[in-house]
Amino acid sequence: MRLPWVNGILAFLSSQVLQCLCVQELHVNAETANKISAAGRRMRCSSPLDILILLDGSNSIGRGSFERSKHFASKLCDALDIGSDLIRVGAMQYSGAPQVEFRLDSSFSKAAIKEKIKSIVFKGGPTETGLALKYIVWKGFPGGRPASVPKILIIVSDGKSQGNIKLPAAQIKGEDIEVFTVGVKFPRWEELHALSSEPQEAHVLFAEHVDDAVNGLATSLTNSSLCSSVPHGCSVQSFPCTRKTLETVKELTGNYMCWKGSARPGTVFPGHCPFYSWRRFYNKHQAQCHRTVCPDPCDSQPCKNGGTCIAEGQDKYHCVCPAGFGGDTECAPQLSLECNIDLLFLVDSSDTTSLEAFMQHKSFLKRFIQASLSDESPLNVGVAQYSNEVQMVVKIGEYQSMAELLKHIDNMRFMGGGLFTGKALRYVTQYGFKSTPVFSDVRDDLPRLVVLLTGSKSQDSVTGPATYARDQEVFLIGVTSDSNKGEMAEIVGNPLNLVTYSNPQQLFNQLPQLQKRICSIDVQGCQAQPLDLAFVLDASTAVGQEKFNRLKNFVTMVSLQFDINRDVTQIGLVTYSSRPETVFGLDTHDSGSSLLQGIGRASYMGGSASTGSALLRVYNDVMTVQKGARPGVNKAVVVITDGRGAEDAAVPAQKLRDNGIMVYVIGIGNIQRNSLLRLAGSEKFLISVPSYESLGHYEDSVVQRVCEDAKSPVNLCKPNPCMNDGVCILRQGSYRCDCRGWDGPHCETRILRGDSHWPQGLHSRSRQQRHSRKRRLKSVSGSRSSRKKP
């Protein structure tokens, strides 16, 4: 049997839960509800009106709900144009007896009235709504104006009056007072409807939804022609709404044994006593709620490509864009690919990758096309999927529009089966791109690129097919999971062409990286970016003649990617064993053909290796102004070695870096990593190549790294362009050399003996004077000789 005090606690807890339930529901979607609330914050009533707010301060309301009533009254003031000639506001509180809190003529300032509302103190007591209405009928609005000014009474109550309210309500309405009722807590809607003016559904509101209540009140005032508060472009709409009244009923739940008395004094006997429980339920009242709805800046759906529009006030918005978009405020493509290439996407559709991963790859592919391409894009796109076999979904360029291309991708079906990436690479290299007839006058020489999307390790070998693809001048970019990074790096060859992700969401975040890589895949060298570049080749016995020839071939292939001339790229070459040899300096060759001939003349040396001496040779004999180095141009040194003999190279390498010269180290084979890392300075500048045979796969990687770093700002005084211990001084985007005992722009001319103690400015003036005297002497002697002639 449940004890009475337990029932009391449960009833209290139940009431606290029920207070969280909504007792008024507008049957609208969340977007419309937000628009109603936003309109409520924008509406302003600006006609002459007398408004009296009647606050229920009884015990049935309680202190908490009374504070919410005050909050509603304060928010209502924000929608009113308060002034002595416009809207005047007063307030009364009632419980057992009515009490004037402040008169309508006490303040004409919105801030002052809100402060007065804030200072109202809860009274407590019985709920005598009828008595408060009679007071207003007898004495009118306290501080009100003549009858010509419309009067509005706003009753904020839970509608649980302890007296008769029908007669006072009729009397109030007979005084031409328009009555609004605003429910608080769990209102008794029947009583609020009886108190309010007609139409009742437009004059009954709910205080807990402040913006909605203000909207409804202002809308009704507009419909009654008492004021015009609907903002421009907004409209009044009617919505179905449900109002709920919380009822409590007493129900017999059983009997229990109890002792009952009898007519005879002192006599009791056992019997059955009834046990009751209280059940709470809602009575529903269907109604129509009239609200003002204003257009939203997001109504026109300005955010493209799946972006989410977030309104910021009446006219502004911002878009939350999916990855790969965000080129402007409306989620337009972030990067429009304008390069001319044949692009083939090769998508893993095997059981190894799973159906879920296949769908993610499809979504990624669609997102990429939407974000990067348009019908005017010069790229030719194709799509293939593979497992045991390869299926061409769309051949290169065989579609009329991006919409048609996306439709083909939508129609892709999961194949299942084994994962044979090597077989697929060989197939698309042979048959995936358009072939040009042998006797055609026009050669289709567009760069060819395959973007491989797979997250798993292949069941067949990928090394041979990947090498075959690169030999056929097919570029490879890999998009894969972190777990498959090793095999994909072997496929693409160049680490910069590898795009990895750790989870499906991060896959979409890699869109910008893929966009960036695609159009830079065919970039040759540094294009118009000036660069002074020196190669340092290990020609020691440890390398051998055959491998040294591979190094020369690597330098040749890399050099082909640069525009060799005095204004763009200059290249120098140093070979070394125990001693270094400058094969040619930066200013030796001014054309590509001449440079290639110079590389071919580099000879194998043999002997032990000293990388440090070679770097000192670069510093003292190659990267100098007298040997063609250009001030204000980025400078880089590429050292190719297996690490032997590099123990003495750390200090010279740091000397180069301290003078603004980048040092890249290509370590081949089973390298001595620690010594080469000290030589490179950081992981960024160390490129590990598994073997001499693999060097060819790293040509693009080296070029791209050097060219990317060559975009960095340059210090004109590093390395020092001043010869013969001159001091370089920066000045306004240029520099000058402060020379001691030398003259010329770079201190290249020795000053004549006897002039060394003169200031530098006098050297040039004295020489000018000597040259002037010589010219005058020549002129005089010439005139004399002419006079001697017959």
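The backbone N, Cα and C atoms fix where each Cβ goes, glycine too.
Taken from Swiss-Prot as is:
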SIGNAL    1-22  signal peptide
DOMAIN    50-221  domain 'VWFA 1'
DOMAIN    295-332  domain 'EGF-like 1'
DISULFID  CYS298-CYS309  disulfide bond
DISULFID  CYS303-CYS319  disulfide bond
DISULFID  CYS321-CYS331  disulfide bond
DOMAIN    342-518  domain 'VWFA 2'
DOMAIN    532-702  domain 'VWFA 3'
DOMAIN    713-748  domain 'EGF-like 2'
DISULFID  CYS717-CYS728  disulfide bond
DISULFID  CYS722-CYS737  disulfide bond
DISULFID  CYS739-CYS747  disulfide bond
REGION    758-790  region 'Disordered'
COMPBIAS  764-778  compositional bias 'Basic residues'
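Model confidence over the domain 'VWFA 2' (342-518) is summarised by a mean pLDDT of 85. Of the candidate disulfide-bonded residues, CYS309, CYS319, CYS728, the one lying closest to CYS739 (disulfide bond) when CA atoms are compared is CYS728. Geometry remark: CYS331 (disulfide bond) versus CYS303 (disulfide bond), CA distance 6 Å. Annotation for CYS747 (disulfide bond): spatial neighbours CYS722, MET723, ASN724, ASP725, GLY726, CYS737, CYS739, criterion Cβ-Cβ under 8 Å with sequence separation of six or more.
Cβ contacts within 10 Å of CYS298 (disulfide bond), excluding its own Cβ and spanning all protein chains shown: 19. Summarising the environment of CYS737 (disulfide bond), the number of other Cβ atoms within 10 Å of its Cβ, over all protein chains shown, is 22. In this structure the C-alpha atoms belonging to CYS309 (disulfide bond) and CYS728 (disulfide bond) are separated by 56 Å.
With DSSP states grouped into helix (H, G, I), strand (E, B) and coil, the domain 'EGF-like 2' (713-748) comes out at 0 helix, 12 strand, 24 coil.
Separating the Cα atoms of CYS319 (disulfide bond) and CYS728 (disulfide bond) is a whole-number distance of 52 Å. Note on proximity: among CYS321, CYS717, CYS728, the disulfide-bonded residues of the record, the Cα nearest CYS298 (disulfide bond) is that of CYS321.
Using Cα positions, the member of the disulfide-bonded residues CYS321, CYS717, CYS728 nearest to CYS303 (disulfide bond) is identified as CYS321. With respect to their backbone Cα atoms, CYS728 (disulfide bond) and CYS321 (disulfide bond) stand 50 Å from each other. Of all the disulfide-bonded residues listed (CYS303, CYS722, CYS728), CYS728 has the fewest other CB atoms within 10 A of its CB. The Cβ of CYS717 (disulfide bond) lies under 8 Å from the Cβ of PRO631, CYS728, ILE729, LEU730, TYR735, each of these being in the same chain and 6 or more residues away along the sequence.
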